[in-house]
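These come from TrEMBL:
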REGION    29-61  region 'Disordered'
COMPBIAS  49-59  compositional bias 'Acidic residues'
DOMAIN    101-273  domain 'Yip1'
TRANSMEM  120-141  transmembrane segment
TRANSMEM  161-185  transmembrane segment
TRANSMEM  197-222  transmembrane segment
TRANSMEM  228-250  transmembrane segment
TRANSMEM  257-281  transmembrane segment
Amino acid sequence: MAAADDLKFQEFDDAANLLAANPGATTISIDEPVQIPKNQRSRLQEPGREEDDELLGTDDSDKTELLAGQKKSAPFWTFDYYQTFFDVDTYQVLDRIKGSVFPVPGKNFVRLYIRSNPDLYGPFWICATLVFTIAVSGNLSNFFIHLGKPTYHYVPEFRKVSIAATTIYAYAWLVPLALWGFLMWRNSKVMNIVSYSFLEIVCVYGYSLFVYIPTAMLWIIPERVVRWVLMMFSLCLSGSVLVMTFWPAVRDDNRRIALATVGTIVLLHALLSVGCLAYFFDAPEVDFPAPIIPAHNGTTVITKS
């Protein structure tokens, strides 16, 4: 039979010898979690990255979201499935509108307002309100510009409603779709790329358009300089929401690709703003023909303005 000393683990003998040689040494049990001192943890993290981790989300902060995603969803052909996209109250919508109108530097719009409960209620009605606001304001602007001219006869341009609807809704849905696909593609190549969901991107674009509703009302002012100043202000305000949301997601990608992505986002947003102002409000004036008044003797008289 083996002796009692042969049944001992050699590791315990080594540990006893080490403790005898260095009584001040610290021992760690395998049952105790390893704790890293705060000063060491601060050295392990790169400076300037803590804010980005907070914006984009860490593993600990995403546990609640992952657990929330485990909820069973209804089939897509049922009404309950689409009802979840509109499950928001008035206070949530107002809070998200305030966040889009008053963006806070260093705060991510998705993480701060959207990710807990993305919705389509706000983006849908914001786009619908913007469509009618631009169409009605464009007609009123055209009326005030030509007001007082004897040759002008006001005719409502209902086609502006359909043109505005096509433009606004195409921008609010197709651009987020393209951006979502691009982020998914880059996420498969670069691990640090954060890919937002399609619903989150639609929310960001939808709420970022709210500032153009009061701006379109002010575009009725018959002063071209005032209109363009208001357009630049709204563009900078809403564009900053998009930049602060998507730049932290692509900053770890190739530098040129990241800058090109953000530049494309801003360029498309600027084209929407300039296009709406130029087409609906700053369209070139048309010389209306003088009205023809028939005379009693069978001849016609053309009046001059």
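Placement of Cβ uses the backbone N, Cα and C atoms for every residue, glycine included.
Where the annotation comes from TrEMBL, it is an automatic prediction and has not been curated.
What you are looking at is a predicted structure, and each value in this text was computed from that prediction instead of being measured.
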The transmembrane segment (120-141) versus listed stretches 161-185, 197-222, 228-250: most Cβ pairs under 8 Å: 197-222
Mean of the pLDDT scores, which run from 0 to 100, over the domain 'Yip1' (101-273): 89
Intrachain residues whose Cβ lies under 8 Å of the transmembrane segment (161-185), provided they are six or more past its termini: 123, 127, 130-132, 134-135, 138, 193-198, 201-202, 204-206, 209, 246, 249-250, 261, 265, 268, 272, 275-276, 279-280
